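For reference, the structure discussed in these notes is given below.
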């Protein structure tokens with residue numbers, strides 16, 4: 001009944017945090033538990049040093065965007081590959097991968113990179129549908145390539161090393177980007193788009209110098225985490241100070257007025273995300289108390305003892321959930337259900353985390369309710385129906401990439417094992 005209430009509230013347009021919170025409260029009361037459990041679990045769910053990294057990474061990503069780092073990174077990508085067939089859309093994909101390493105957010109990646117690249121693509125005679133479809137799909141790497149906010153939430157929920165998860169997301173994120181690059185090249189060649197003008201070595205070097213400070217941030221943050229210099233939360237705090245420093249004193253594009261606007265926007269986004277996480281913690285506690293995860297695990301395992309069949313079933317569920325629910329909330333609710341099932345088959349928790357996040361990332365691009373679609377419609381000023389039709393071919397390609405990642409565990413586990421050894 002609680003699930004039906006949650007779905008009903010979502011259908012009538014209730015904000016996700018409120019819908020999830022009200023549905024969870026109803027579930028707790030309907031099961032005969034005390035209302036005290038609601039407030040206690042909301043507080044304890046957020047009382048985590050690691051989760052403090054979420055608002056920090058959001059703020060750091062906003063500062064990098066406001067400070068002009070994303071624009072300079074896009075310029076580097078254009079200079080590097082703009083001269084090839086399909087160079088401009090390829091530059092858009094590479095720029096999305098760059099920005100993902102700064103923001104950790106899929107919608108933010110679509111907004112930041114798509115806002116610049118979609119008009120450029122259309123000016124270069126690429127169709128509006130191709131331009132917005134590609135940028136929505138490329139934005140999916142935002143929650144896969146580290147530092148990923150959703151991977152961080154999974155790590156806290158599954159009690160898996162955050163640094164291992166971040167390392168594990170690198171190859172799958174790059175692989176998805178590579179697949180989209182191939183698609184961009186094939187479509188550009190098929191449509192007869194000619195290569196752009198080749199940039200000189202001097203221009204390429206100059207663009208790298210201009211973007212150097214932006215490129216350096218993920219190196220400092222992720223390198224610091226991987227080599228044990230600081231924790232993910234400390235790394236996120238370092239990212240804020242670094243982003244603020246280069247935005248105010250090197251690029252000089254952030255003044256006090258802009259800083260106030262960026263801070264206000266980041267606070268609003270962070271508040272929304274943290275309230276969703278707190279509400280999801282209530283529902284997660286309710287599921288655990290009612291032993292629902294173990295019941296579901298038993299029922300699923302009774303369907304088949306073939307891990308491939310079970311993984312395909314989980315994939316379908318995650319794709320559907322990703323269309324409707326915030327990724328952090330989905331991870332908090334579904335991880336306690338899926339983790340015991342897949343560990344029965346000997347699946348690595350790190351690989352499961354990557355598979356879950358890739359599924360949810362694709363769900364954000366999947367019609368009709370994927371969040372990236374709405375962001376893409378906003379930045380492109382195209383009707384939502386047009387954006388939906390534009391993304392369908394890319395969703396098909398992303399699902400093929402997902403299946404390869406899912407059934408090739410080494411893509412997720414090789415780097416963590418190599419570095420730990």
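Each Cβ is built from the backbone N, Cα and C atoms, and glycine gets one as well.
Feature annotation from TrEMBL assigns domain 'TRAP C4-dicarboxylate transport system permease DctM subunit' to 4-411.
Summarising the annotation, TrEMBL assigns transmembrane segment to 43-68 (among others).
TrEMBL lists 80-99 (among others) with the feature transmembrane segment.
Under the heading transmembrane segment, TrEMBL lists 105-121 (among others).
Sequence-distant contacts of the transmembrane segment (133-154) (same chain, at least 6 residues past either end, Cβ-Cβ under 8 Å): 50-51, 53-54, 57-58, 89, 92-93, 96-97, 99-101, 103-110, 113-114, 117-118, 121, 160, 162, 165-167, 169-170, 172-174, 176-177, 180, 183-184, 218, 221-222, 225, 232, 235-236, 239, 273, 277, 327-328, 331-332, 335, 353-354, 356-358, 360-362, 364-365, 370, 372-373, 375-376, 379-380, 387, 390-395, 397-398. Positions annotated as transmembrane segment by TrEMBL: 133-154 (among others).
What TrEMBL lists as transmembrane segment is 166-187 (among others). Among residues of the same chain six or more beyond the transmembrane segment (166-187), those with a C-beta under 8 A of the stretch's C-beta atoms are 84-86, 89-90, 92-94, 96-97, 100, 130, 134, 137-138, 140-141, 144-148, 151, 222, 225-226, 232, 350-351, 353-354, 357-358, 394, 397-398, 400-401, 404-405, 411-416, 419.
For the transmembrane segment (208-229), the residues of the chain that approach it from at least six positions outside its boundaries are 60, 64, 69-70, 72-73, 75-76, 98, 101-102, 146-147, 162-163, 166-167, 235-236, 238-239, 242-243, 246, 250-251, 419, judged by C-beta separation under 8 angstroms. Under the heading transmembrane segment, TrEMBL lists 208-229 (among others).
Residues or ranges marked as transmembrane segment in TrEMBL: 235-254 (among others). Below 8 angstroms of C-beta separation, residues 52-54, 56-57, 59-60, 63-64, 66-69, 72, 147, 213-214, 217, 220-222, 224-225, 262 of the same chain, each at least six residues beyond the ends of the transmembrane segment (235-254), sit close to that stretch.
Sequence annotations record features per position, and here TrEMBL assigns transmembrane segment to 266-288 (among others).
Summarising the annotation, TrEMBL assigns transmembrane segment to 308-338 (among others).
Annotation comment: TrEMBL describes 350-375 (among others) as transmembrane segment.
Within the chain carrying the transmembrane segment (387-407), a Cβ under 8 angstroms from the stretch's Cβ atoms is held by residues 128-130, 132-134, 136-137, 140, 172, 175-176, 179-180, 183, 308, 311, 315, 319, 354-355, 358-359, 362, 365-368, 370, 372-373, 376-377, 380, all 6 or more beyond its ends. What TrEMBL records for 387-407 (among others) is transmembrane segment.
Taking the domain 'TRAP C4-dicarboxylate transport system permease DctM subunit' (4-411) as a whole, pLDDT averages 84 in the prediction.
Highest Cβ contact count with the transmembrane segment (80-99) among the listed stretches 43-68, 105-121, 266-288, 350-375 falls to 105-121 (criterion: pairs under 8 Å).
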